[in-house]
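K.L.:
According to Swiss-Prot, the signal peptide annotation covers 1-18. Residues annotated as disulfide bond in Swiss-Prot, with similarity to another entry given as evidence: Cys55-Cys68, Cys59-Cys108, Cys61-Cys81.
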Amino acid sequence: MKLSIIIIATSLVIAVVAFPSKDSKAIENDKTEQRMEIVVQETARACSKQIGDKCKRNCECYGKTVVCGTIYVGGKEVNQCMDKTSDSAILNGLGKGMNFIENTFSFCV
C-alpha cells in the first residue's frame, strides 16, 4: 500500500514539474498581435479586347472562340487575344472548339 502511494505521488510530482501551467508564463505568440490584410484587385468583368490586343486573361477577350494566347515575338513572350490556332483548316477548327470549351469554363462575370 505504501509503495503504491509513493509511486502515485512521484508520478504526480513528475507531471507537475514536466508540464507547467500555461497561465504561469505567456508564450511568445500570445504577446504578438497578428493582422491580415486583404488586397482586392480589379479585373476585367466584360469582354473588352479584340483579336490582336494584349491581354492577361481569357475574360478580357471578346468572342466565343477567342482566348488570351501566348506567342513569341523576337524570343519574347507576348499575350494577346487570338482565335486562330493553326494554318490547317481541320486543326484550326478543332482549336476553335477547344477555345470555346476553355471560354465556357473560364467563369467570367
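Cβ atoms are placed via backbone N, Cα and C, with glycine included.
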K.L.:
Distance check, please: Cα of Cys81 (disulfide bond) against Cα of Cys55 (disulfide bond), rounded to an integer number of angstrom.
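P.N.:
Cα to Cα, Cys81 (disulfide bond) and Cys55 (disulfide bond) are separated by 6 Å.
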K.L.:
Please report how many Å separate the Cα atom of Cys108 (disulfide bond) from that of Cys68 (disulfide bond), as a whole number.
P.N.:
13
K.L.:
Do me a favour and check the Cα-Cα span between Cys61 (disulfide bond) and Cys68 (disulfide bond); whole Å is fine.
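P.N.:
Just about 7 Å between their Cα atoms.
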K.L.:
If you count Cβ atoms within 10 Å of each one, which of the disulfide-bonded residues Cys55, Cys61, Cys68, Cys81, Cys108 comes out on top?
P.N.:
Cys61
K.L.:
Applying a 10 Å Cβ distance cut-off over all chains shown, what neighbour count does Cys59 (disulfide bond) have?
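P.N.:
Other Cβ atoms found within 10 Å: 19.
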